[in-house]
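K.L.:
Sending over a structure as structure tokens; questions will come in a sec.
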Amino acid sequence: MLSRVLLSLSLVPALALAVCQPDGQDAYKVRLSIKTALGANAYEWNESEQFLFRATLAFAMRKYTGQETFNVSSVIVCNETQRVSFWFVVTNPNDTATLIPKNAVEEAIRLSRNRINSAFLLSDKTLQFLGIPPTLAPPSQPSLPVWLIVFGVVMGIVTTGILALIISGFIQRKKKDIEDEDEEEKQERIMENGILCETLEGKEGVNNGAYSHDEDRLTQL
Amino acid sequence: MAEEKNTEVSVPELGKTAEERPKWDNKVQYLLTCIGFAVGLGNVWRFPYLCQTYGGGAFLIPYIIALIFEGIPLLHMELAIGQRLRQGSIGVWNSISPFLGGVGIGSLIVSFLVGLFYNTILAWVLWYFFHSFQDPLPWRDCPLNQNKTGYIEECAKSTPVNYFWYRETLNVTPNITDNGDLQWWMVICLASAWGIVYICFIRGIETIGKAVYVTATFPYLVLTIFLIRALTLPGATEGLVYLFTPKVQVLKDPKVWLDAATQIFFSLSLAFGGLIAFSSYNPQKNNCERDAVIVGVINSATSIYASIPIFAILGFKATSNYNDCLDGNILSITNAFNIGDQNVTRENYDSWLKHLNTTHSQELEDLHLKHCNLQEFLDQSASGTGLAFIVFTEAVIKMPGSQVWAVLFFVMLFSLGLSSMFGNLEGILTPLLDLHVVPKWLPKEAFTGLICLISFLFALIFTMGSGNYWLEIFNNYVGSLPLLIIAFFEIISVVYIYGIGRFSDDIEWMTGRRPNLYWQATWRVISPGMLLVVFLAYIVVQVQQPATYAAWNPNYINFPMTEALDYPGWVFAICILLSSVPCIFIPIVALYRFIQWIMRRVHQSQNRNPCENHAYEPELQ
């Protein structure tokens with residue numbers, strides 16, 4: 001009796017190892033980059049951390065399926081490397097020989113991804129489940145695009161500036177017109193030689209055809 | 001003795017009953033305006049690229065030689081002739097000889113066309129400025145696609161920075177014949193750019209003179225801030241070493257000398273008519289010789305000064321990219337060989353690689369590791385809009401406090417471009433005012449507004465989907481060859497038609513000193529000679545290059561590389577038209593005047609009454 005119990009007990013881990021196969025149909029590879037994420041505060045990856053991992057995964061399965069039968073022993077880990085990376089499978093708590101299918105495991109992990117990450121102080125990038133893409137955070141879209149606000153401010157300033165300059169120019173011109181009118185009224189009309197000086201003012205003198213050279217006003221080529 | 005000189009050139013009447021010619025409030029305004037006009041976007045995004053391409057410190061040699069023998073003499077000539085004849089470009093050349101009126105008209109047209117596309121670049125700068133207030137910056141991440149499972153394909157294949165520029169800003173079409181629609185966001189940015197330009201330009205130099213106190217000085221402040229920040233960034237020294245390491249053997253390539261000469265010429269904004277317009281508002285007794293030297297030297301010094309922070313930041317960006325590349329490779333190795341996390345670092349990466357190559361060479365090959373080379377990343381520099389909107393924006397994301405740097409950078413670009421726009425617009429306004437085409441009842445504000453409105457409407461071409469391609473065309477064909485031709489005619493007219501002797505007398509009258517041997521030699525022979533050589537070499541180079549443009553086509557096989565497409569026939573015809581229309585006015589006007597002269601001679605020889613004295617015309621006629 002005792003020998004049979006001993007035999008079956010020794011077979012269990014062997015069975016477990018046989019169930020967890022790298023590249024297996026229902027197995028997932030996990031990769032952790034603790035030093036990259038935490039730098040100086042990085043913790044050592046040991047058996048206890050492994051235990052925590054299996055426990056969180058069991059928690060995820062419980063949450064997803066609603067069955068509270070999943071246990072740490074349901075999660076089997078193998079092929080651990082120095083990287084730190086390993087493969088794991090989840091066995092059915094009712095029948096330890098069968099495995100939970102890949103999709104179910106994926107959905108469970110997706111559901112509790114945040115909790116799993118926080119348990120290890122890691123992120124989607126540093127705790128990778130190969131085959132499960134990280135969820136992309138949609139960029140926040142404010143109600144009114146920021147650039148339109150800046151544009152509105154700039155255009156507002158420019159428009160008020162233009163209006164101010166136009167109006168001030170207009171007022172200046174009106175003032176000058178009034179001043180000019182006053183000046184004109186005061187001026188007497190000057191006469192010289194029977195011809196009003198004003199009529200001559202506009203001309204640069206008059207070209208007397210008899211007394212000018214042809215090309216005086218043009219530079220000789 | 002000089003005061004009573006009898007000039008045969010018609011100086012416009014002073015003391016009209018309307019306003020006198022406007023003038024600068026003080027000398028500082030005038031100098032700042034000229035410096036602002038000369039110092040533009042090209043100083044920041046063209047010169048550093050040339051410097052780096054043509055052997056770093058060695059490029060300064062042809063650059064300074066071109067400045068001394070081509071740039072400053074032409075600059076002095078333009079400032080002096082404008083100051084002496086007190087008219088805008090059309091009036092000045094008309095005064096020297098009516099046969100040369102076409103030179104002024106050419107300047108006017110070039111100023112107008114360049115103003116169109118230059119302000120569109122400012123509209124793009126404004127767009128980026130508006131978006132720099134967001135956290136995170138919108139060109140940092142790719143947007144998610146429709147069903148939120150991943151990033152938009154076009155963005156994932158290229159980079160977020162490229163996507164933001166080509167898709168969200170320009171919404172560019174795959175080729176130039178596909179016009180696309182007017183992009184409403186670009187239209188409103190263009191409207192605001194023209195609004196800002198209008199508010200500074202509204203009363204001509206009265207308002208421009210006030211605006212340049214800010215627009216001409218602010219860029220220097222920002223460049224200094226960037227310089228201090230950039231020098232503290234990791235990788236800055238690599239960038240600077242890369243920029244300034246002189247490779248003297250590059251000087252044997254004639255293309256370097258050609259590019260130095262063209263860079264100086266275009267950088268000083270010669271032949272636009274703007275400088276002539278600015279100096280025409282000066283009092284006649286002003287030392288234009290000193291002004292020319294000051295403006296020329298400050299322009300070049302700014303170029304050199306600007307290249308330091310630019311290349312420090314580019315060095316930082318190259319180092320960041322190189323580190324990212326290395327980190328990507330390290331991660332691949334760590335994951336593939338299950339090495340402990342962080343055991344492979346950047347420092348021991350090479351030794352790990354060697355070790356793995358001996359033990360697991362096949363698996364290592366299968367990983368297809370990227371080849372990370374710092375030189376390659378440093379070589380990825382760019383010029384023009386590519387530098388500002390793609391390379392620099394990418395660098396800014398990686399700097400802490402990105403928003404501040406982005407805002408500073410784009411405001412600096414905007415003020416650099418704005419002060420250059422003033423010169424372009426004055427090159428349009430002053431000649432038109434001097435030609436008296438403006439009716440007296442139209443206030444100046446309305447006329448400047450009209451100029452801005454018409455330019456805005458024409459510039460809407462550049463807000464279409466294919467706008468970027470058209471802008472490149474304008475940039476390459478308008479802002480290059482016509483200017484060389486106009487400048488050549490300018491200096492020939494002044495030296496040989498107006499007469500170098502008379503010009504030297506004028507300068508002696510204005511400045512009190514006769515121009516010395518340096519000026520005589522450069523004006524008579526060296527500068528026209530250099531211009532001719534540059535012009536011919538430019539044509540030779542242009543003809544040899546295929547007429548293609550780089551199109552952004554997401555469906556291209558080698559996307560994200562740009563596709564090199566040929567210009568269709570009608571587009572190429574427009575290119576030729578753009579180059580030739582400004583220049584064609586020179587012979588057209590000369591011909592027109594010649595015909596007029598012949599007609600007048602014929603008319604005069606037929607009926608000449610020597611006794612007609614028009615001074616005694618009775619009043620009632």
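Glycine residues also receive a Cβ, built from the backbone N, Cα and C atoms like all the rest.
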K.L.:
Please identify which of B:S267, B:S279, B:S280, B:S320 is recorded by TrEMBL as part of the Na(+) site containing B:G36, B:A38, B:V39, B:N43, B:N299, B:L416, B:S420.
P.N.:
B:S267
K.L.:
Considering only Cβ pairs within less than 8 angstroms, which of the stretches B:54-75, B:96-129, B:182-201, B:477-500, B:521-541 has the most against the transmembrane segment (B:256-281)?
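P.N.:
So the stretch in question is B:54-75.
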K.L.:
Using an 8 Å cut-off from the Cβ centroid of B:G36, B:A38, B:V39, B:N43, B:S267, B:N299, B:L416, B:S420, can you name the remaining same-chain residues around the Na(+) site, in sequence order?
P.N.:
B:I35, B:F37, B:G40, B:G42, B:S269, B:T302, B:S419
K.L.:
Counting only CB pairs under 8 A, let me know which of B:213-236, B:293-314, B:404-425 has the most with the transmembrane segment (B:182-201).
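P.N.:
Top-ranked stretch among B:213-236, B:293-314, B:404-425: B:404-425.
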K.L.:
Does the chain bring the transmembrane segment (B:96-129) near the transmembrane segment (B:477-500), so that three or more CB pairs sit under 8 Å (pairs 6 or more apart in sequence)?
P.N.:
yes
K.L.:
If you draw a 10 Å sphere on the Cβ of B:V39 (Na(+) binding site), how many other Cβ atoms land inside?
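P.N.:
Its Cβ shell of radius 10 Å holds 27 other Cβ atoms.
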K.L.:
Where does B:V39 (Na(+) binding site) sit in DSSP terms: helix, strand, or coil?
P.N.:
coil
K.L.:
When each of B:30-48, B:54-75, B:293-314, B:477-500, B:570-595 is checked against the transmembrane segment (B:213-236) for Cβ pairs under 8 Å, which one has the most?
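P.N.:
Going through each listed stretch, the top one turns out to be B:293-314.
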K.L.:
Taking the transmembrane segment (B:30-48) as the first stretch and the transmembrane segment (B:477-500) as the second, find out whether 3 or more Cβ pairs fall under 8 Å, excluding pairs closer than 6 in sequence.
P.N.:
no
